[in-house]
Amino acid sequence: MTQTDSLFAQALAHHEAGRGNDAEPLYLAVLAESPTHPHALHNLGQLWLGRGEPARALSYLRRALELVPEDGLFWVSCLEALLHDERYPEASELLARGRAQGLAGEVVEQLAQALDFARDLPRHDAAIVACFQQGDDLQLAECARAVLAQCPGHGFAWKALGVALIRLGQFSEAMQALDMAQRRLPDDASVFNSLTNVLNSLGRHEEAEVAGRRALALQADYPQALVNLGNALRGMACLEEAERYYRQAMRTPACQIEAGNNLGIVLEEQGRLDEAESCLRDVLEHDPDYAPAWNHLGCVLDEQGRHEAALQAFQRCLSLDPDNVMAYNNLACTLKSLQRFTEAEQALSHALQLAPSDYEALNNLGDLLKELGRTETASEAFWQAWQVDVSRPTALHNLLVLAQYVEHISDAERISLSRAFARQYEPEVKSWEAWPQLNDPERPLRLGWVSADLRNHSVAYFSLPVIEGLVGKFEQYVYYNSHDHDPIQVRHQHACTVWRDVAGWSDHALATQIGTDQIDILIDLSGHTARNRLLTFARGAAPVQVTWLGYPDTTGLHNMHWRITDARGDPEGAQAKYSERLWYLPDVFCCYRPMLRHPAQRLAAEYAVRQTPALTTGQITLGCCNNLTKLTPGVIRVWARVLLAIPGSRLLLELAGAQHELLCHALLNAFSSHGVNPDRVCLLPRDSTRQYLTYHDIDIALDPFPANGGASSCDTLWMGVPLVTLAGQRFASRMGCSLLHAVGHPEWVATSEDEYVKIVVELARDLHSLNALRLGLRTQVEASPLMDEARFCLDFTSALRGMWRQACIERVSVSR
């Protein structure tokens with residue numbers, strides 16, 4: 001066998017196995033050695049014909065036919081290519097020549113029939129147009145396919161099939177049809193407009209942008225193309241540019257309603273709620289029955305806190321469009337905000353009946369079930385949502401947060417989920433060599449803080465004293481991922497060098513801005529919690545990336561270099577659980593400042609520590625002000641043991657949703673199943689105006705587990721209430737241990753359930769000692785490392801400088 005024969009055999013094997021990309025270079029190698037190899041020419045032509053490039057295919061097929069005119073297959077392939085290229089007169093001529101030379105057979109007759117069909121294409125095109133005008137998409141698709149069966153290169157039929165499949169929701173198939181259409185009709189703006197539409201539906205917004213700009217290059221005044229390009233830009237979080245295209249499209253009456261509705265969405269996503277409401281009401285004034293505008297108006301009203309008005313808008317949408325899954329989702333979210341949980345669950349049930357695999361409905365169901373304490377079914381809903389569309393991280397974020405609270409997700413499963421997050425969303429691990437600024441370990445450093453929680457949020461009680469305390473030590477840039485602005489946010493903003501509102505920015509745009517700002521150390525304050533920007537960190541936006549405070553576990557990202565912690569929260573051996581390296585602060589992982597919402601009232605008598613209430617009431621009141629999700633079956637079982645071990649005691653629980661009758665009933669039944677009379681459990685709804693005042697009624701606070709309290713535990717201790725915690729095996733279950741060591745009370749840390757009960761019982765045994773502890777506890781806390789802001793900021797500064805120096809050392813070692 002010659003070298004040429006060997007190459008051809010290899011090429012043919014790849015070709016027959018469907019590996020055209022591997023076959024092509026081998027066929028070309030054959031032709032380089034033997035330019036007149038007819039079968040290599042023919043097979044290359046077949047490859048290009050299969051790729052939808054009949055003109056290119058013909059350049060090879062004609063040469064093969066000229067070399068071997070007696071091969072009938074070569075005649076058939078040339079005829080097929082001419083038909084695909086809609087060169088019908090040439091095909092008729094070639095067919096006649098072939099028949100004159102004896103070309104015959106079933107395939108030849110089929111090609112002849114196709115040519116006869118093609119001569120009557122105007123009539124078939126008219127039938128396609130009639131189906132389109134009648135709005136019968138199934139018939140339109142069937143008619144287009146019938147034409148393509150005879151004339152596979154007919155661009156108009158491919159375009160019609162693509163439009164029909166878009167309307168039928170078959171987006172992947174529509175994409176294939178429109179790809180063929182744009183090859184045949186490269187100057188047809190409507191084809192590229194439809195491509196923009198289907199690419200948006202598939203979430204491929206960058207490609208949609210390219211198609212949309214091509215449509216407008218072909219027809220600058222194409223209003224639907226302006227809308228679809230705006231949709232692509234909105235999908236890429238280029239909101240200001242999307243707004244411009246929507247406003248341009250609104251000048252045309254045909255697109256005024258759709259473009260106005262989409263403009264309202266973009267204005268809402270930019271936090272311009274009053275403008276969004278006005279825009280959507282203008283749309284509804286022109287068309288009161290336009291259901292999408294009612295749905296989005298409901299979203300705006302809900303975000304403004306006008307929940308009842310939002311409900312009316314969603315209900316109006318559903319009266320016009322009873323199968324609107326998005327409206328049911330939004331209705332459920334508003335009902336949840338109003339703590340009308342049963343109705344919210346019913347709305348989500350309707351959504352899932354209509355669309356059993358709807359990502360938003362499954363994710364929202366998980367969120368609702370979590371609030372109701374049904375954590376196992378909540379985790380199943382989050383997992384199902386993520387499996388529906390792994391390109392969207394929200395459901396996985398929610399599952400990872402839930403995993404911190406519950407007993408049924410093991411440490412191994414939680415770590416596996418974190419690693420799955422990194423595999424899915426971390427494009428590459430950046431090398432130290434990518435950062436030239438890592439050549440000076442002592443250079444002045446520029447910090448970047450990334451958070452949505454620098455406002456009236458539990459994170460702010462720890463972030464504000466640090467950001468204020470680092471003024472003058474670093475340049476501080478804040479990338480604020482929220483539209484919420486309040487006095488606490490303003491105080492953060494005043495303390496930083498540069499403040500950027502980045503809510504609505506794409507991860508690419510945010511990472512680019514961080515690079516432009518030349519941030520040295522980028523600090524994440526969210527982890528997997530709501531409105532995080534972990535996908536920006538996944539891109540490796542800064543030389544040194546650090547996670548701290550907002551999330552009690554690993555992010556899973558390898559581009560997150562450090563996690564700031566302490567030796568009580570993450571004792572020896574903890575490193576194996578983290579993708580990040582652990583940087584240990586010497587005393588405690590955080591610094592707490594109370595009364596952020598009302599700093600002027602910090603010394604007011606209303607907030608002064610009072611004597612332990614049992615001295616007045618005659619009974620011990622145990623208490624917890626936290627999230628219902630943290631009250632696991634194990635917590636309820638142990639707390640019931642405590643109640644039964646202290647005769648006459650009661651349990652006061654301040655919980656979000658405690659006014660919900662079914663929730664309360666389930667919780668009281670859980671205690672009752674352990675022998676506790678429901679009368680001994682007092683449930684109070686969460687009330688932000690009483691953030692500290694409820695502690696006046698609690699003698700001893702009980703920390704939940706496996707997820708301990710954070711800010712609530714600090715509030716508890718500052719109000720003079722002893723806190724008993726059970727230290728577990730991971731940071732979420734060791735925060736209480738860390739805080740209590742910091743304030744000088746390690747004796748309140750239990751290492752077993754029996755010890756937990758014993759510590760509470762011993763504290764309750766002597767009311768006078770308990771009262772003395774209470775009256776002196778605030779002074780202890782305020783003098784402890786937990787509230788020593790100057791000391792903490794020195795430790796924090798040292799930590800950041802140490803991380804930078806380590807990165808510089810590692811860059812040098814990598815470069816050698």
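Keep in mind that glycine also has a Cβ here, set from the backbone N, Cα and C atoms.
Automated prediction, rather than curation, is the source of TrEMBL annotations.
Residues or ranges marked as domain 'Cytochrome c-type biogenesis protein H TPR' in TrEMBL: 279-383.
The domain 'O-GlcNAc transferase C-terminal' annotation in TrEMBL covers 439-604 (among others).
The feature domain 'O-GlcNAc transferase C-terminal' is assigned by TrEMBL to 610-794 (among others).
Sequence-remote contacts of a segment are chain residues at least 6 beyond its ends whose Cβ falls under 8 Å from one of its Cβ atoms, and for the repeat 'TPR' (38-71) they are 8, 11-12, 15, 20, 23-24, 27-28, 30-31, 77-78, 80-82, 84-85, 101, 153, 179-180, 183. Per TrEMBL, repeat 'TPR' is recorded for 38-71 (among others).
Residue counts for the repeat 'TPR' (155-188) under DSSP (helix as H, G, I; strand as E, B; rest coil) come to 27 helix, 0 strand, 7 coil. TrEMBL lists 155-188 (among others) with the feature repeat 'TPR'.
Secondary structure by DSSP for the repeat 'TPR' (257-290): 27 helix, 0 strand, 7 coil. The repeat 'TPR' annotation in TrEMBL covers 257-290 (among others).
If you look up TrEMBL, you'll see 291-324 (among others) marked as repeat 'TPR'. Here the repeat 'TPR' (291-324) has long-range neighbours at 257, 260-261, 264-265, 268, 273, 276-277, 280-281, 283-284, 330-331, 333-335, 337-338, 354, meaning same-chain residues at least 6 beyond its ends whose C-beta is under 8 angstroms from one of its own.
The repeat 'TPR' annotation in TrEMBL covers 325-358 (among others). Same-chain residues lying 6+ beyond the ends of the repeat 'TPR' (325-358) with a Cβ under 8 Å from its Cβ atoms: 291, 294-295, 298-299, 302, 307-308, 310-311, 314-315, 317-318, 364-365, 367-368, 371-372, 388, 656-657, 659-660, 662-663.
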